[in-house]
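Database features (TrEMBL):
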type     : residues  : note
DOMAIN   : B:85-255  : domain 'Cytochrome c assembly protein'
TRANSMEM : B:6-26    : transmembrane segment
TRANSMEM : B:38-60   : transmembrane segment
TRANSMEM : B:72-88   : transmembrane segment
TRANSMEM : B:95-114  : transmembrane segment
TRANSMEM : B:134-152 : transmembrane segment
TRANSMEM : B:173-193 : transmembrane segment
TRANSMEM : B:208-223 : transmembrane segment
TRANSMEM : B:235-255 : transmembrane segment
Amino acid sequence: MRRNTWQAPWSYREGVIIGGGLVFLGVVWQVFLPSSGFQLPFWPGNLYMGLIFLALLFTLHFLLKSTSVVKWLASVPAAVTSAALYCGLAILLGIIPQGQSSGSPIVHVLGLNQLTSSWVFALANLYFLTSLGLATLKRLFPFKLKNLGYLLNHAGLWIALTAAALGSSDLQRLSMNCTEGQPEWRAYDGSGQLVEMPVAIELLDFQIDEYPPKLTLVDNETGRIAVPDKKNAFFSVADSSFQLLDYRVEVDRLLPEAGLIGDRFEPVNEVGSPPAARLTVTRLSTGDSQSGWVSSGSFRFQPYAFKISDQYSLVMLPPEPRKYQSDIRVMTQEGQQLTATLEVNKPLKLGGWKFYQLSYHADMGKWSDMSVIELVRDPWIPVVYLGIFMMLAGSLFLFRHGTYKKKGLENGLD
Amino acid sequence: MGWINFEYYAFAALLLWGVGSVSLYLKTDKQGIGVRVPALFSAAGLAVLMLFILLLWLKIDRPPMRTLGETRLWYSFLLPAIGLVSFLRWRYKWLLAYSLLMGGLFLLINILHPETYDKSLMPALQSVWFIPHVIVYMFAYALLAASSLVALKAVYQDYRGKRWNTLPNLADNFVYLGFSFLTMGLLFGALWAKEAWGHYWTWDPKETWAFITWTAYLIYIHYRYKHQHRHKQAMWILLIAFGLLMVCWFGVNYLPSAQNSVHTYTS
Ligand code: HEM
């Protein structure tokens, strides 16, 4: 049976037209409205927005349920087209580098390099959440236990996405550069604006734990790694002895902190003393053997290579960090104090803020006396997590989808 | 040990799977033998591969889940494992044969493109979330790959004018299970990102492509639910979704947007 566009029941054609209309509207607003993109209000404005949106969805569901628009918004064709629109925007987001100025004026004018704060994105989000919200309400009233999996998935996603979107204006992510021995209370936001914090942080000690350094063979002429076989191009000094091309390499002595004295290294205890190793190299085809030193160098000292032939040299790579951590003291304005250790993946929670170990002075490596600490405040996170945990519970219901499908058939949905 | 003699394990597994695949299509009178022989050979190949994975894990002293080569290794284990389980359950010979072939292909790629067996694990990856996140994702990818094998078969049968009316149901079984794991992987990733990087979602290119893949399968599930008889369109949605999954897995590193991604660990 042929159906004219806009004649009930609506389906995909209407979805495509509405999606296209939203994109058009979004582009026009993006180009002609004075502010560049969509700006959410801060607390409590975003809360009111959320409540109004929720009230609107309830009104649509309870009072205008029988209109073809509302019926359609709660149906699969609206779900599919709105998800496809979201997916399409995400593809743009996944291809065009974000947050950088772009050479192309089109990208700039349409806000494609700041897509998540563009009008098109906001409208697509609204369409998606309206459809998802109405689809949820459709099965929420009257409540039936057999719909539990459906409700956990759909309500969970709605709650998580809505809270994440509304909460984005209240999210604060600041970073603070802390130097050992100097209390710091100035933090900077993503755009480099100074924010004065009500707490001060003093870096007591910054430590890095490193992996043993690696060795490789380079070509003297090109300076490139000379081992074509990628899987055996590097060896950790901890794995002695090993083979690189025709050479067997043994580590005779490893000095974690060494200084060059004449043509050999000795243990020293100075800032910036790099690791060094004494190696014995045997050429397997001839049996010739020789010894020499390598060192990775550091921000203060030159690397030291071991030239084993006209063609090749052995070199040591700078050690990679295994773990880094900051011992800090946090001081509030009221004079309270607290000490803690921050580590990657182990943040500290304090008064609505979370403190993260972010980075350090990478050039100085383990001698860095500066640690970058990130401070995050995200008051909406409990709501987002509620949604996430509902979805995690809901995902288990997908294991037994057979029941879903039979129900669909019985209800004659097609 | 470790990647150094991966070839031996890989060739042993390939050989066992090869024999298993051939035995699938040998004519026997006894029903039991026609199932048991291929199942045993496939299982033996899986055991060899699992042994290698465990030895590698011990050797490098960290879960072998960091590099692309390591994830391919899991994939070449999980895909035949799924093929074997569904063979035992539903007796789909072709599915076992294809999944052995795909698993074997991934082993070959690893033989041809070996990687350093590097012990270091950057601090952000040292988390309790690392293993559940990656394992759940690998499961999801393997199940969704199995669903695309079904879709490919369906499209091919359709093209040759043959019957394929049981295939979409099989694809659904894989997609529902795979999507469930995909959702868990995505959400575990978000919870982990909050602990490691301070925010659960930053539209980083890898995250963005994971989201794209997720919506594509979401569309499939809803389309199937509503239109139980438009099989052909559904199979095409499934193939497109798998294309997006491949971009998410391999392609992201090559996209212009990925230059400053925190998730691209090429080695
Ligand atoms: C976590 C993500 C999601 C999952 C796991 C999921 C899963 C499902 C499942 C399994 C069904 C079949 C229901 C049944 O058999 O009882 C369904 C139906 C449906 N879903 Fe979703 N879905 C998700 C997200 C969405 C989204 C984002 C939308 C809308 C934008 C949506 C809209 C719908 C609609 C309209 C139906 C049909 C309901 C009906 O006609 O009664 N879903 N979903």
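Any Cβ shown, glycine's included, is placed from N, Cα and C.
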Q | Remote residues contacting the transmembrane segment (B:134-152) - C-beta distance under 8 A, at least 6 residues beyond either end | A | 63, 65, 71, 74-75, 78-79, 81-83, 86, 95, 98-99, 102, 167, 170-171, 174-175, 177-182, 184-185, 188, 217, 235-236, 238-239, 241-242, 245, 249
Q: Please work out which recorded stretch in B:6-26, B:72-88, B:173-193, B:235-255 has the most C-beta pairs separated by under 8 angstroms from the transmembrane segment (B:208-223)?
A: B:235-255
Q: Grab the same-chain neighbours of the transmembrane segment (B:72-88) for me: Cβ-Cβ under 8 Å, and only residues 6 or more beyond its ends, written as numbers and ranges.
A: 17, 35, 38-39, 42-43, 45-46, 49-50, 52-53, 56, 64-65, 95-100, 102-107, 109-110, 134-135, 138-139, 141-143, 145-146, 170, 174
Q. Is the transmembrane segment (B:6-26) packed against any residues at least 6 beyond its ends, judged by a Cβ distance under 8 Å, and which are they?
A. 34, 37-42, 44-46, 48-49, 51-52, 80, 93, 96-97, 100-101, 103-104, 107-108, 110-111, 114
